[in-house]
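Colleague: Sending over a structure as structure tokens; questions will come in a sec.
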Amino acid sequence: MLVSYEWLKQYVDIEDLSAEEVAEKLTRSGVEVDFIHDMNKGVTGVVVGHILTCEQHPDADKLSLCTVDIGEEETVQIVCGANNVAEGQYVPVAKVGAVLPGNFKIKKSKLRGETSHGMICSLKELGFEAKVTPKEFADGIYVFPSVIEPGSDAIEYMRLYDKVMELDLTPNRADCLSMLGVAYEMAAILGRDVNLIDESVVRGEEQASDYVSVNVKDDATDACPYYGATMIQNVKIAPSPTWLQTYLMASGVRPVNNVVDVTNFVLIEYGQPLHAFDFNRFGSNEVLVRKAGEGETIVTLDGETRTLSTDHLVITNGQQPVALAGVMGGADSEVQDDTTSILLEAAYFDAPTVRRASRDLGIRSDSSVRFEKGVDPKRVPAAADRAARLIAELAGGTVLQGPVAYDELNVEPKPLDISLQAINRSLGTDLDEDTVEAIFKNLQFAFKGDENGWTVYIPTRRQDIMIEADIIEEVARLYGYDQIPTTLPDVSSTTGGLSVAQSVKRAAKQYLETVGVAEAVTYSLTSPAVDDTFDTVAKGENEARAQVAMPMSEDRSTLRTTVLPHLLEAVRYNRNRQLHNVALYEMSSVFTGESASPSKQPTETRSLAGVFTGLWHENSWQREKKPVDFFVVKGIFEGMIQEMGLTERVTYTAGRHKGMHPGRTATVYLDGENIGYIGQVHPQVEKEWGLKQVYAFECNLSLLIDAASNSEPVRYIPIPRYPAIQRDVALVVDENTTALELKEAIYARSSNLLKDVSLFDVYEGENLAEGKKSLAFSLVYRDPEKTLTDDEVKQEHEQIIAGLETDLGATLRTE
Amino acid sequence: MLDRLGELKNEALAKVNDASTVKDLKDVRVSYLGKKGPITEVLRGMGQLSEEERPKVGQKANEVREEITTKLEEKEQHLEAVALEEKLQAESIDVTLPGRPVPRGNRHPLSSVIETVEDVFSGMGFSVAEGPEVETDYYNFEALNLPKEHPARDMQDTFFLTKELLLRTQTSPVQVRTMQNNEAKEPIKIVCPGKVYRRDEDDATHSHQFMQIEGLVVDRNIRMSDLKGVLETFVKSYFGPDRNIRLRPSFFPFTEPSAEVDISCAMCGGDGCRTCKHTGWIEVLGAGIVHPNVLEMGGYDPNEFSGFAFGMGVERLAMLKYGIDDIRHFYTNDVRFLNQFDRA
Ligand SMILES: [Zn+2]
């Protein structure tokens, strides 16, 4: 909504306040002014000129030579290039010395040998936007529609000194989609009156009902509880006077002709959309409001053919639709230059009906925007009278006795009860009765009070006020939010803080960052193809990817079931910028639904994914370089598992996973349940994504956090009192035997003296038989009760080695 | 003999003084204090002395011995120190060379902001509540006083999966879920951080996915003045003690009265500058008194309970805090961006 400061002045006394001050007050009371437009974009020295003669330039076909009276002693010659310039016109003239927008200075100049003492201006040259200028002046100079004293200040006459406030209205304040609404708001803020508008109409003898009948079909009475038809005869269509044109242009509306301009003017003034039909083109003497038939069509004012459904409401002439109720008129009955008889519609269409039509047909008009948010029922007939009065004044018609109306509209103010205690209890204030009553008066809300409080009668213009809390807000905002005291809640004590699971999550993040992995955040929406790169780590029966019903693009059409692909994208993004060393993790939800469009919420699983590529460690001057490999990533992962207290419960075995290298990927188990994987990204995937040597993991974080939240708390174990004895052993085994198998076999063959087994060497190649490899372990023995003797250790150690030979065919490695 | 001892002492001390290596000292020790040295010789000749002289010479001889020994040791320590110093000098390294780098990562700025906010409110007794990102129409809209066909639904463009399921457009559904799940209808103090989604084209100031953090307090006697107090405490704690807040009337379907909350501009201290569009204030929060319909849908009797709620955009907080100008930076994960947030 654009609010002209000068126009607003007509309704409320704001003479003592600048536009900026008005804007500040409105903003602070909840009607936010987003921007103040200066109508004057830098114009000085423009006056009204009267073109006395206008002749063809002797040396240029497209130029005219004009003699112009600009109110000075002598007339001036001006060369003009506009098509529409003509003798007798009153026009805006930029005199020599004038300045136009863009700091364009007007100088005496010669055009093809003829001197020009100034310039006749178009609206564009005066700073008006093309979308609001009348079509007849789109390509030419502006012509004033009336006789004006030559030399008058055109800036004054065209109200270029006006400022226009652009409101950013919240949906509840539809009342401020009108000048009157803003005036009531300003009046409430200032404690001043709203000037009444003259709606009195001089009517002719004849009855409108002799010309037209109005009916609303039974199925449409809810959607249209009021329809009034005012008849105006013998009008003469002409351009509107300058004052009306400039108010409309300042409000962002293009002037058309006197009748249409009046309907738009009253729309802005009252917030009540009106429609003027050319009655001679209406096609009957009957207005019938009804639901549209399925597939019924209408050609709207913009020339488009619209196909309707039974959800839509139409105005008909008894047969054909002539307007799409509250949205747009029909082309056939549009007011034209030869129109003489007007049927002026003022109606109340209910918000859902108009919203539905507007949405279904993709039309947003100044009319639909207001009906959608609810107009003031009380202003419907008043706006018709106001418009009829102005049309009669500007287009010279006769308003017939009327209107002819269907009227089932309730215009009673709504009573609401409120008490002083309720207000103070909700706001934490200590207001007295007088303060509250003064606010009601300023809002022009009628009220009556007794010992229990007040009954407030909410005027129909404030449809947003429905419950007690709404009145409390009115009191609060006019009292001033700033004046409400500052207290702290007297709340029953709560401990607050993070849950165990939330703390575990933070600890895991902290760990990963400390060891060198940066946190990333990527989008949840993806494409099915990208999501299909890797397995999901989600559990349960739901496995389908949930789809967005009407995606904006394929890339954002699907809820991801795996986090890794977008991390891979982040790697690619960085790689494309020559950033080759990347280590990222993300903790985000993945979604698995029962189907692409599920009937229940999909399962949301917290997933933890990581990607690693390039060098893990580099110290260039010491010539140390460590590229990321499987074991770097596994080590980081194991550290996190340790941080979570789950080392004993998490195991790893070789596994195959979609998108991962089949020989370099481990499946991760928590208490024997598959919860994810660690490994190298499949070289084929790397190639498709333009990447090399990317290692990754993804795991079900929800399960890990659950387990960690319930894991055993740390308990101190006494430091051993007796020394340990270490024995190393290098074992030759079949190359398919894993380190884990060997380690488990060692423990299986040991007594409780064996305290630790750690791998320290892996060897394949020379000196070993084909298909064999050697794994070397350190075994640590300790007896908690006494110092072990060499013999005891020797016996135990040899027993284990012998057992391994039996179990796995392992032999001692001899050089 | 006493004179002879005196001479020997002077000779020996002079040689100690002249010694420049540990070996020189060893030679002095052997030649003067050794078994065949002159002092031993003097002591051997003591048999020829009288009973009176003998103790005197013996004493003198011991004194001389001790003095030479002491000086020898002193000199030896000195020479060792010099030798060590020379050796260590030869081992010196360039300490200005860079240290061995230790890999380190850091928290995403959006997480940092969320955790800081969580911590500030934790200190005021709030818990952290979370909820699903795919929500039902009921929790995202209807239970928040936004029935179907409500005009304010146009404020948010929603990603629907089906007619009833959608990507939440706000974290407010968590508020309703928390109220409903609180079967004993005890007082509530929560903050709810999380991802939300709206059908926006991504550009410098819009993102189809972003993060919010909301708060809710419900109890028997909650007032608008309490909302002001809690928000002021938060703003001073998060943005700094010299920042002020200002509430402006606004509209949210789930609160009444509602307010936009501005904080005083840090750039200009409230005088007006480009950052604050010359108003001296920056909008950071929406807040209000919980609408009775919302309390009711959460199972709390609005005649008995009241509450306040507030919400803020995490990206906006981060952009203000770090001076980031484009919201897309948060989601592209350029390591040159992420690595900047490497300290608390
Ligand atoms: Zn500023």
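Here the Cβ of each residue, glycine as well, is placed from N, Cα and C on the backbone.
Those TrEMBL annotations? Automatic predictions, nothing curated.
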Colleague: Looking at TrEMBL, A:Asp470, A:Glu473, A:Glu474 are annotated for Mg(2+). Which of A:Asp464, A:Asp482 sits in that same site?
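Modeller: Checking A:Asp464, A:Asp482 against TrEMBL: the Mg(2+) site match is A:Asp464.
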Colleague: Can you give me the same-chain residues 6 or more apart in sequence from A:Asp464 (Mg(2+) binding site) with a CB-CB distance under 8 Å?
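Modeller: Once residues fewer than 6 apart are set aside, A:Asp464 (Mg(2+) binding site) is near A:Asn172, A:Arg173, A:Ala174, A:Asp175, A:Asp470.
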Colleague: For the domain 'FDX-ACB' (A:720-813), provide the mean pLDDT of the predicted model.
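Modeller: That region's mean pLDDT is 91.
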Colleague: Check the binding-site residues A:Asp470, A:Glu473, A:Glu474 for other C-beta atoms within 10 angstroms of each C-beta and report the one with the most.
Modeller: A:Glu473
Colleague: May I ask you to report the DSSP-based helix, strand or coil state of A:Asp470 (Mg(2+) binding site)?
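Modeller: DSSP call for A:Asp470 (Mg(2+) binding site): helix.
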Colleague: As a quick check of your reading of DSSP, tell me how many residues in the domain 'FDX-ACB' (A:720-813) are helical, how many are strand and how many are coil.
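Modeller: Computed counts for the domain 'FDX-ACB' (A:720-813) are 30 helix, 32 strand, 32 coil.
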